[in-house]
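What TrEMBL records for this protein:
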- 37-128: domain 'Methyltransferase' (DOMAIN)
């Protein structure tokens, strides 16, 4: 079943306002010395557009058409491509390839995750770099994805104040969480289910090696501290 949070235009409109991402600038810094960037799973194009504004040659790949349409409105400087990160093959190589915002976790099987890493390998220039993030399953971040702990509010330019929260079921192998949006002024409600996985440090490390990629560093947060079992993130930074 397709994830309606990414496919439904009514839901995509809430995505950026509910996901104000503080780590975008870190990606921009890591891309400072490169000329070309491939953003796999670019979503609504916020990061790809920011990189293009810095003069980078950027290609943004996104599977969900509703997300891609929103991205196209954001920037004409990015080459937007609809495609699947597991199978897409472009006639171009890149200095840097990124999967941001825990995109890696939407791939639920070992085979799918390996296919994504092989896509990275195929498209990296010699000496090129990759970076992607995945939540650390050891800290069980999903335990806070209850209505009581996740409820939040944000302002939407058309709808005004929106209240959002999450619930979940499952575990690290396949966790389904539901995102709820309630427009305060009209009491109109939307909801969407998403299923993600939380592969372990060792599982990802083996797949990175199987894909023929090198590992330069594994960070545990966006301050770029080294990963340990208590880190919230597993951020892989490596080379072709």
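Positions of Cβ are set from backbone N, Cα and C atoms, glycine also.
Taking the domain 'Methyltransferase' (37-128) as a whole, pLDDT averages 96 in the prediction. Helix, strand and coil counts from DSSP across the domain 'Methyltransferase' (37-128) read 36 helix, 25 strand, 31 coil.
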